[in-house]
Amino acid sequence: MAPSKVVIYAMRRELRLSDNPIFHHLSNPESKHGFSHLLPVYVFPAQQIDLSGFVPKGSENPHPAPKSAVGGYARCGPYRAKFLAESVWDLKTSLQSIGSDLLVRAGPYKDVIQSLVEGLKAKECQVGAVWMTSHEGSEEKSEEKTVASFCAKSGIDFKLWDDEKYLIHDRDTGITHLNDLPDVFTTYRKQIEPLREKARKTLPVPEKGALPAYPDIDMIPSQQPPFNIPGTCEELVDAVVRPVKNFLKDLPDFPEKAESSHPFRGGETSAHKRIDHLVLSGGMKSYKDSRNGLLGPDFSTKLSAYLAQGCVTARQIHHALVAYEDGTGTKYKGADGFGEGDNQGTETVRMELLWRDYMRLCHQKYGDKLFRVEGFNGKHTDYEGEDKKYGWRTANTSIALPGQEPTPEKVSEILARFNAGTTGMGLIDASQRELIHTGYTSNRTRQNVASFLAKHLEIDWRYGAEWYEMLLVDYDVSSNWANWQYVAGVGNDPRGAARIFNPVKQAFDYDKDGTYVRTWVPEVAKFENLENVFQAWTASKEDLKTAGLEGNIMVTDPVKPIKFNLDHKPSKVKKRPFFRKRGTKTRDAQGSAESPGSSDSHSGSGGSPDGSGGGNIPSESNCAAAGSGQAQQTHQGSGRSQSSSNHGGRSHSHQHNQQNYHHSHRGNDYTRGGGGGRGGRGGRGGGGGGYSASQGYYGIGGGYRGGGRGRGGGGGFRGRYAPTGGLGGHHHSEQQVASQFQTDA
């Protein structure tokens, strides 16, 4: 009898049996791999999961509860932990159905692999190889290196397989070196298109008995103490959820009329059921129009959590769409649009999947810069050549700038309210409460939450990224962190700090009847006027009394009040929030009300993250948007360079009375041209009131009420869109731009 030769497959974020290159290779008789046994193992890693739920009473967890670096939040909260445990158990069940199994373990990866190798060797089982799939992330790369090092010292073959859960395989992008990856998504997209023809074929599910045998149970070493591995899915869920379920002190009650928009169970089985439902219900076809919804399970695909854990691959989603579009998938025969080719909805889903690919490639290109406060961009220089070194407000007293206002202690209080959803900004609070209750919130609100923290409050954006890491059920390291950078203005958004959302205007645009805010912030449900729903401090004393909100902190001390007129025209506000002259301190974050449409980034249809046209591009994630025909724009000249010890930045509002045009900008980044200033790279400013933006970012045409037609104005973005300036009394909207926050396709 030939001696046993085992291959250990250490699984991480590829929790699926189908379209799995390793399972496919091992089940293919032609591969001639030479292994008699396969031991798939999933390890709950100590550096990301609180393992105290695996420890029996009377014993102690040898590993401290993993916390985030900036905010000190749990690395994995209850919603993702539950989804992950369900996904692991679903894979275990699927493997059992074809004659194999999945070993579940807890602890540091290297310790678990070493224990398995040494234990199998003691039972005279030869471990021929350890295989893993490559994943992005500093911790993930560290796991790969430590396991590879152990294998090398032990004389065991180690192989790192490509991660193939994305839409376009790395070898099919045409990019030979990561430095060649464009820093603008649209440039990358144009290199890849047509998307429908680029995705590789999927790999089938291994047939029963096709995989190498699972080792006899008495040959497999036991879990190292003090951890005990649960024997049922329910027990496994409890083990990972129990240590982190009380993540917020004084968690508000779940609103009576609210329901989760993400009630889905984890695992490959549920993922494919979800895809079929979306196609058959018309959700894929209507996706382009529905994706900005706020309530319910079907306004977006809700496939992002499955993609994040590798329960399904992007190319599996793509080929399901192809089967629907071409009419070859008989199970989709009753779906609207079956056999009629691709449509705007399916095209948009593919674009979202490509954005997810792009975020991962950016992570590969920039590495650990993904987690640095200065982001991908690092140091910026303005058009005059002067280095701009802006910092961020922080709750960390050891790195806060001297004289920081608000103080670190006050920032800590603001963050607590931001996390709990009591800022007084209705859309922000509703999103944060939905998140803490369900682990999910829409792409639209994610964009606004990120912009509110980073742009309006100028608080270190990493607090928000870490909060999302803890709570999002669909957290993905590349998508989450790259998109937070995108919104914060330190990532690869060409508009950088200039892209700012006005959460009041966004609420009027996307929560038109206030249903979303009323659902998740029931305290404001009794208000009749939407402006009171979206900002309770605007309500009259009588209405506050009726609503029972007299003395409520959201009314008496809103974190960031924003004055906004219903006609979407700017109010005349003399106070300038966060205004800082050179060498002076910044005002308190709760000080003055911000001018109305203040640098609103309003998303509409069309556009792309860089403003150069294209589909309604994704986020997770996933982030900003542009003007909606209102005379509201933002200008950026210098950007800002942040470090962990810096903070803040100059920001003020300027009201141009003649044009009734609102500008919000950071730094001295534009100059007013009285008789027609220099415009963007595409043309000259027109009649009176033209502006010259630094680096030629925006050329705003003259002729708005006072000057005839202005050539080359009209708000051309980098000169790309530079139409003739508006007639007197008119204004041009900026090219509409949208980008999703946490990729949701």
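Every residue, even glycine, has its Cβ placed from backbone N, Cα and C.
Values in this document were obtained by computation on a predicted structure and should not be read as measured data.
The compositional bias 'Basic residues' feature in Swiss-Prot is assigned to 571-584.
Feature annotation from Swiss-Prot assigns compositional bias 'Low complexity' to 591-603 (among others).
Annotated compositional bias 'Gly residues' per Swiss-Prot: 604-616 (among others), in sequence order.
The annotation compositional bias 'Low complexity' is assigned in Swiss-Prot to 632-648 (among others).
Marked as compositional bias 'Gly residues' by Swiss-Prot: 672-688 (among others).
Residues annotated as compositional bias 'Gly residues' in Swiss-Prot: 702-718 (among others).
The compositional bias 'Polar residues' annotation in Swiss-Prot covers 735-745.
Residues or ranges marked as domain 'Photolyase/cryptochrome alpha/beta' in Swiss-Prot: 23-166.
The region 'Disordered' annotation in Swiss-Prot covers 563-688 (among others).
Under the heading region 'Disordered', Swiss-Prot lists 702-745 (among others).
Annotation source Swiss-Prot lists transit peptide at 1-22.
As a summary of secondary structure, the transit peptide (1-22) carries 2 helix, 7 strand, 13 coil according to DSSP.
When pLDDT values are averaged over the domain 'Photolyase/cryptochrome alpha/beta' (23-166), the model yields 97. When DSSP labels each residue, the domain 'Photolyase/cryptochrome alpha/beta' (23-166) comes out as 63 helix, 27 strand, 54 coil, counted as helix, strand and coil in that order.
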